[in-house]
C-alpha cells in the first residue's frame, strides 16, 4: 500500500511537466481503484475530472458558498461547497 501511495504522489507530480498528463492521471486513478485507496482531497483538486488534465491557469471564483474552478483546457466548471467551520462556543 505504501508503494501505491508513493506511485500516486509521483504520478501527480510528473503530470504537471509531462507531455501526456492525461495518461499520468488515468494511471493514478487506476492504481487508487485497484488498491482501494481514496485519493486525498488535495490531489483531487489538482486536475479536471472531465478532461483528466492538471489545472494550469484555472479561473477560481467564490460564489454563493461555493468555490468555482473553471478548467482552462475543456471549459468545465467544478463546484466545491465551502465548509462552515464555525463551532458554537459552550456557555
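Including glycine, each Cβ sits where the backbone N, Cα and C put it.
Annotated in Swiss-Prot:
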BINDING   48, 51, 71, 74  Zn(2+) binding site
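Most buried of the binding-site residues 71, 74, judged by other Cβ atoms within 10 Å, is 71.
The record gives 48, 51, 71, 74 for Zn(2+). Within 8 Å of the mean position of their Cβ atoms, the other Cβ atoms in that chain belong to 49, 50, 52, 53, 72, 73, 75, 76. Reduced to three states, the DSSP call for residue 51 (Zn(2+) binding site) is coil.
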